[in-house]
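Engineer: So Swiss-Prot lists the following for this protein:
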- GLY8, ARG9, SER10, GLY11, SER12, GLY13, LYS14, THR15: ATP binding site (BINDING)
- ASP59, ALA60, ARG61, ASN62: GTP binding site (BINDING)
Amino acid sequence: MKLTIISGRSGSGKTTALQALEDQGFYCVDNLPVGMLPTLAKQLSEGDPPIERVAVGIDARNLPAQLLAFDNILHALNEQQVRSEIIYLDADDHTLLTRFSATRRRHPLGTDQRSLADAIGHERELLANIRQRADLVIDSSNHDVHTLRNLMRERVARREATLSLQLESFGFKNGLPTDADLVFDVRVLPNPHWHADLRPFTGKDDCIIEFLSQHQASHDMLKDIGDFVVRWLPAFANSDRSYVTVAIGCTGGRHRSVFITEQLAKNLRAEGIVLQVRHREL
């Protein structure tokens, strides 16, 4: 059995993530008490027919003592020979505040004595151990419902028993991607932004590709990053990592980082490497 545990702070998209997996054939259970995970796994694996793919939502509504016992529960699942992975969804505090304000929903940990901001912070503390153990952390701050569903489908539901690689372009001016495992800075490359005729375009457009391809530094940077990824990707896989996100950043995240990400994806796919591409700022 493959057991996918979906956790994360309220408002980060856990329900959307579970629904996406359910649409892909997963047997889904939301808000299950942590202590019941081994029992559920045993019942479903021994069913007739046994259920092979299960997704369970775990959140801060569990008792604090159960959340503290999470490591012991994972050990019990391992003893049952259940393959488990943890997907943790999160978003920055401002985004969570905005989402709750927009929907006017009450936070699960909110009380008359605890403000929404305090509830969001308290939830982070309660789930810190689960986040630390996560195989994949998804920052949904810049995702809408549709892109989050697509991400879950491509990176989790359809993933074979191999490492899932994502290449992500971003702009440093908007902060580092919180889900990045490796970060490459390509701001040393010539910047199309300073050419007024090129500024409106992105690294996917022919004029930007032509501009950056004229500079040897672009080819050297692309080769060096590609060599690093190809060299060390097997090491990540051999260390039981299920997910790796390689983030490539420039100043605004629209020209140089997009160009390098697109070209790197093309080269890696030619090597037979399966991957997903995301451009955070586009």
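The backbone N, Cα and C atoms fix where each Cβ goes, and this holds for glycine too.
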Engineer: At the level of the C-alpha atoms, what whole-angstrom distance separates ASN62 (GTP binding site) and GLY8 (ATP binding site)?
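Structural biologist: Approximately 12 Å lies between the Cα of ASN62 (GTP binding site) and that of GLY8 (ATP binding site).
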Engineer: Rank the binding-site residues SER10, SER12, THR15, ASN62 by how many other Cβ atoms lie within 10 Å of each Cβ and give me the one with the fewest.
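Structural biologist: Relative to the other binding-site residues in SER10, SER12, THR15, ASN62, THR15 has the fewest Cβ atoms within 10 Å.
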Engineer: Return one of helix, strand or coil for LYS14 (ATP binding site), based on DSSP.
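Structural biologist: Looking at the DSSP assignment, LYS14 (ATP binding site) belongs to a helix.
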Engineer: List, in sequence order, those binding-site residues among ASP59, ALA60, ARG61 whose Cα sits within 10 Å of the Cα of GLY8 (ATP binding site).
Structural biologist: ASP59, ALA60
Engineer: Compared by Cα position, which of the binding-site residues SER10, GLY11, GLY13 is the closest one to ARG61 (GTP binding site)?
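Structural biologist: If we rank SER10, GLY11, GLY13 by Cα distance to ARG61 (GTP binding site), first place goes to SER10.
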Engineer: Taking Cα atoms as reference points, which of the binding-site residues SER10, SER12, GLY13 is nearest to ALA60 (GTP binding site)?
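Structural biologist: Of the binding-site residues SER10, SER12, GLY13, SER10 has its Cα closest to that of ALA60 (GTP binding site).
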Engineer: Fewest other C-beta atoms within 10 angstroms of its own C-beta: which of the binding-site residues ARG9, GLY11, ALA60 fits that?
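Structural biologist: The binding-site residues ARG9, GLY11, ALA60 were compared, and ALA60 has the fewest Cβ atoms within 10 Å.
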Engineer: Whose Cβ lies within 8 Å of the mean position of the Cβ atoms of ASP59, ALA60, ARG61, ASN62, the GTP site, other than those residues?
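Structural biologist: My list of surrounding residues reads ASN31, ILE58, LEU67, PRO108, LEU126, LEU127.
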Engineer: Using a 10 Å cut-off, grab the number of neighbouring Cβ atoms around the Cβ of GLY13 (ATP binding site), all chains included.
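Structural biologist: Taking all protein chains shown, GLY13 (ATP binding site) has 26 Cβ neighbours within 10 Å.
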Engineer: Taking the mean position of the Cβ atoms of GLY8, ARG9, SER10, GLY11, SER12, GLY13, LYS14, THR15 as the ATP site, which residues outside that list, in the same chain, have a Cβ no more than 8 Å away, listed in sequence order?
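Structural biologist: Here the non-site neighbours turn out to be ASP59, LEU89, ASP90, ALA91, SER140.
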Engineer: When you tally the Cβ atoms that lie within 10 Å of each candidate's Cβ, which of the binding-site residues (LYS14, ARG61) has the highest tally?
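Structural biologist: When each Cβ's neighbours within 10 Å are tallied, LYS14 leads.
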Engineer: What is the separation, in Å, between the Cα atoms of LYS14 (ATP binding site) and ASP59 (GTP binding site)?
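Structural biologist: Between the alpha carbons of LYS14 (ATP binding site) and ASP59 (GTP binding site) there are 9 Å.
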